[in-house]
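Now, the feature entries from Swiss-Prot:
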type    : residues                                                       : note
BINDING : Gly169, Asp170, Arg171, Gln172, Thr173, Gly174, Lys175, Thr176 : ATP binding site
REGION  : 115-137                                                        : region 'Disordered'
SITE    : Ser362                                                         : site 'Required for activity'
Amino acid sequence: MSIRAEEISALIKQQIENYESQIQVSDVGTVIQIGDGIARAHGLDNVMSGELVEFANAVMGMALNLEENNVGIVILGPYTGIKEGDEVRRTGRIMEVPVGEALIGRVVNPLGQPVDGLGPVETTETRPIESPAPGVMDRRSVHEPLQTGIKAIDALVPIGRGQRELIIGDRQTGKTSVAIDTIINQKDQNMICIYVAIGQKESTVRTVVETLRKHGALDYTIVVTASASQPAPLLFLAPYAGVAMGEYFMYKGQHVLVVYDDLSKQAAAYRELSLFVRRPPGREAYPGDIFYLHSRLLERAAKLSDAKGGGSLTALPFVETQAGDISAYIPTNVISITDGQIFLQSDLFFSRVRPAINAGLSVSRVGGAAQIKAMKKVAGTLRLDLAAYRELEAFAQFGSDLDKATQAKLARGARTVEVLKQDLHQPIPVEKQVLIIYALTRGFLDDIPVKDVRRFEKEFYLWLDQNGQHLLEHIRTTKDLPNEDDLNQAIEAFKKTFVVSQ
């Protein structure tokens, strides 16, 4: 077979005519310094603040500090494979996380990658982790209650959908338990819950996940975890990833609860990053924008107006105190951002008052707007009565010669403390809460010995399930108290069957 030169030249000419050159321009820089999870790169002149960049070994980073001659990049993954002189390129994208229904029931890291061993998350939708909070005209005032199932909270410091309520206290005072009970109580409430674990032990997160699974709460919960062994950038990003996942549902008109456990560790991680990129330290060595770190996160919690779909995002941030000092820097910052705080006190916790809520220092700035009518009626004076009891209790230790009125207040206060105690992971429906608090505030428990009050409560609930369904149904449907005569008769009828212990 002979090769014909004309055919070959015709083929070559055709290929030359069809050739199209595509020029790919990518903004590339060079790593000039690496260490402690931070890289400095030269040559990325047009990079945006917060933009994702990619290193030669496919590890991603985020531009944090834009300086005159170099860029400070936090590395979102293992940084041991990156070395000086390596190439780093812009992606043109800011940090995003996957969002959607597919995340429900999963445990993911702050980048949205699953860590529960159940395979990939099947979703194509993403949201940027930093997005503007809803504007003034896009919001409406908080008016729907978020029932926690915890009597002391629903009666004294009620939380509404769209509210930011800080849970503050020393370590080991039951902060996480309050959040878990609240999540468990959202079953059948049309609520998506997101639990963000920041700097927690892996074993603690595992326990939380198993508790949620045992109570069937993982069916409507997303767990975002950046454990203590993760690099500081992931601890810093975790709350923003959680709120971005929640916003997806909020803007679709659904109701979301996000728990940040806890923001003290996020602040410490951000302080670490800021010091590594040489930002000047301020009070307690935190950078100057530490307030903005938390305010821009918590302002994204809102109750949207009907025009925007009427969805809501409720935030329960945690802050850990040292020896009950709520006047430290991070606690005072977050107290000033949120719509109230629930203060858990270690003294109460160790004296077996659990949940260990200090009624005097806890407050909800939404208040009665986040309570049903029935609860407002029965719990109106409860806070003041409890505060007065704590004051009298201190004085009563010094003298036994007390007048009748003071003795009555002390007796009522002791019973109030007993009624507000609650077992772990046993949230109580609001209609039952209303009836036991009604019995307390109307004096029906005054002749019940203090040691029998909790047994009285348990047996009263069982009696209501059998004989008082019409009362419970009335509160459930109308949100108001039933006829007081019917209530009084029902409580008296139960008291006749209750046997006081000897």
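Just so you know, the numbers here start at 1 and follow the chain as drawn.
Every residue gets a Cβ built from N, Cα and C, even glycine.
Structural mapping of features recorded in Swiss-Prot.
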residue : record                       : Cβ neighbours (10 Å)
Gly169  : ATP binding site             : 28
Asp170  : ATP binding site             : 18
Arg171  : ATP binding site             : 11
Gln172  : ATP binding site             : 12
Thr173  : ATP binding site             : 26
Gly174  : ATP binding site             : 20
Lys175  : ATP binding site             : 24
Thr176  : ATP binding site             : 21
Ser362  : site 'Required for activity' : 22
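Distance from the CA of Ser362 (site 'Required for activity') to the CA of Thr173 (ATP binding site) is 15 Å.
Sitting within 8 Å of the Cβ centre of Gly169, Asp170, Arg171, Gln172, Thr173, Gly174, Lys175, Thr176, and not among those site residues for ATP, are the Cβ atoms of Glu320, Leu344, Ser346, Phe349.
On a Cα basis, Ser362 (site 'Required for activity') lies 18 Å away from Gln172 (ATP binding site). Here the Cα atom of Lys175 (ATP binding site) is found 14 Å from that of Ser362 (site 'Required for activity').
Looking at Gly169 (ATP binding site) and Ser362 (site 'Required for activity'), their Cα atoms lie 11 Å from each other. For the pair Arg171 (ATP binding site) and Ser362 (site 'Required for activity'), the Cα-Cα distance reads 17 Å.
Across the region 'Disordered' (115-137), DSSP helix (H, G, I), strand (E, B) and coil residues number 2 helix, 3 strand, 18 coil.
Secondary structure from DSSP puts Asp170 (ATP binding site) in coil.
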